[in-house]
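Copied over from TrEMBL, here are the features:
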DOMAIN    4-107  domain 'Dihydrodipicolinate reductase N-terminal'
BINDING   GLY9, ALA10, ASN11, GLY12, ARG13, ILE14, GLY77, THR78, THR79, ALA104, PRO105, ASN106, PHE107  NAD(+) binding site
DOMAIN    110-246  domain 'Dihydrodipicolinate reductase C-terminal'
ACT_SITE  HIS134  active site, proton donor/acceptor
BINDING   HIS135, GLY144, THR145  (S)-2,3,4,5-tetrahydrodipicolinate binding site
ACT_SITE  LYS138  active site, proton donor
REGION    159-179  region 'Disordered'
Amino acid sequence: MTLRVAVIGANGRIGSEAVKAVEAAPDMELVAALGRGSDLTELTDAGVQVAVELTHPDAVMGNLDYALHHGIHVVTGTTGWTDERLATVGGWLAGSPATGLLIAPNFSIGAVLGMQFAQKAAKYFESVEVVELHHDRKADAPSGTATRTAQLIAAARKDAGRAPQQDPTTHELPGARGADVDGVPVHAVRLRGLLAHQEILFGDTGETLTIRHDSLHHSCFMPGILLGVRKVVDTPGLTLGLEHFLDL
Ligand SMILES: NC(=O)C1=CN([C@@H]2O[C@H](COP(=O)(O)OP(=O)(O)OC[C@H]3O[C@@H](n4cnc5c(N)ncnc54)[C@H](OP(=O)(O)O)[C@@H]3O)[C@@H](O)[C@H]2O)C=CC1
Ligand SMILES: O=C(O)C1=N[C@H](C(=O)O)C[C@H](O)C1
């Protein structure tokens, strides 16, 4: 069966790539492409089954509100997620129990693997810090991927009974030690010429381990988006992270 798909944020950096990927997918039909100022009724008018949402932290909640309340499955990579926002969409999904929502902090297979490897390594090292590096047009810091990576590492450390890592810093310029995400320092670099990069640095006595991933072109996110579209229609409720749709 051909899936009727829309892209919201179709003129953006990742959205324009997603438009091409959906058009090229043999099992999908692109039936709507929405940009800023488009009317969300285009989704229902076009009979959209899955909306791929790639916009802005300020726009994502309104788009999800409309789609989920109309029974349209959603795959979103937009950033800016907080516990409060997750609870809100959880409530919307409870009112639309057949509808699926995938929130993927990162659609690239390599980035997802990097996060999984970091989760596995977390309990073996006393020190851990995350450095994410992105292009100079990015609205949010730290990145959604880095935030999620730090959360997964912190949870793995806690499960293993590791104490919070100690920071001996007593003299500091504000921000020098990065953002504290569940006890993991996260540093954000913004640089023209970059796309999306992340280093997860682990350290313990006499050794360090660095897990690095580089996204070099937006095409790296497309297999994950298409996988998400195919899987979300049969996965009601909230799925947080593409790893749940991969055979890892
Ligand atoms: N999960 C993942 O793997 C990835 C996630 N991202 C995330 O995706 C989001 C978009 O990134 P990127 O493409 O670089 O950003 P861009 O700014 O290039 O694109 C966002 C697009 O969304 C449009 N837009 C803004 N508000 C709305 C709205 N209400 N309805 C429809 N369209 C809207 C913008 O329009 P206008 O041009 O008029 O402003 C713009 O075209 C970010 O949150 C980013 O972090 C990005 C890459 C990978
Ligand atoms: O804005 C981007 O470009 C990206 N955003 C996502 C994030 O914040 O993690 C995913 C990827 O890093 C690209």
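Cβ atoms are placed via backbone N, Cα and C, with glycine included.
Automatic prediction, not curation, is the source of TrEMBL annotations.
The separation of THR145 ((S)-2,3,4,5-tetrahydrodipicolinate binding site) from HIS134 (active site, proton donor/acceptor), Cα to Cα, is 11 Å. Taking the centroid of the Cβ atoms of HIS135, GLY144, THR145 as the (S)-2,3,4,5-tetrahydrodipicolinate site, the other same-chain residues with Cβ within 8 Å of it are THR79, PRO105, ASN106, GLU132, HIS134, LYS138, ASP140, SER143, ALA146, ALA196.
If you take the Cα of THR145 ((S)-2,3,4,5-tetrahydrodipicolinate binding site) and the Cα of PHE107 (NAD(+) binding site), they are about 10 angstrom apart, rounded to a whole number. The shortest Cα-Cα distance from THR79 (NAD(+) binding site) to any of the recorded positions (HIS135, LYS138, GLY144) is found for GLY144. Mean model confidence of the domain 'Dihydrodipicolinate reductase C-terminal' (110-246) amounts to 98 (pLDDT, 0 to 100 scale). Only GLY9, ASN11, ARG13, GLY77, PHE107 of the recorded positions listed as GLY9, ASN11, ARG13, GLY77, PHE107, HIS134 bring a Cβ under 6 Å of any atom of ligand 1; the order follows the sequence.
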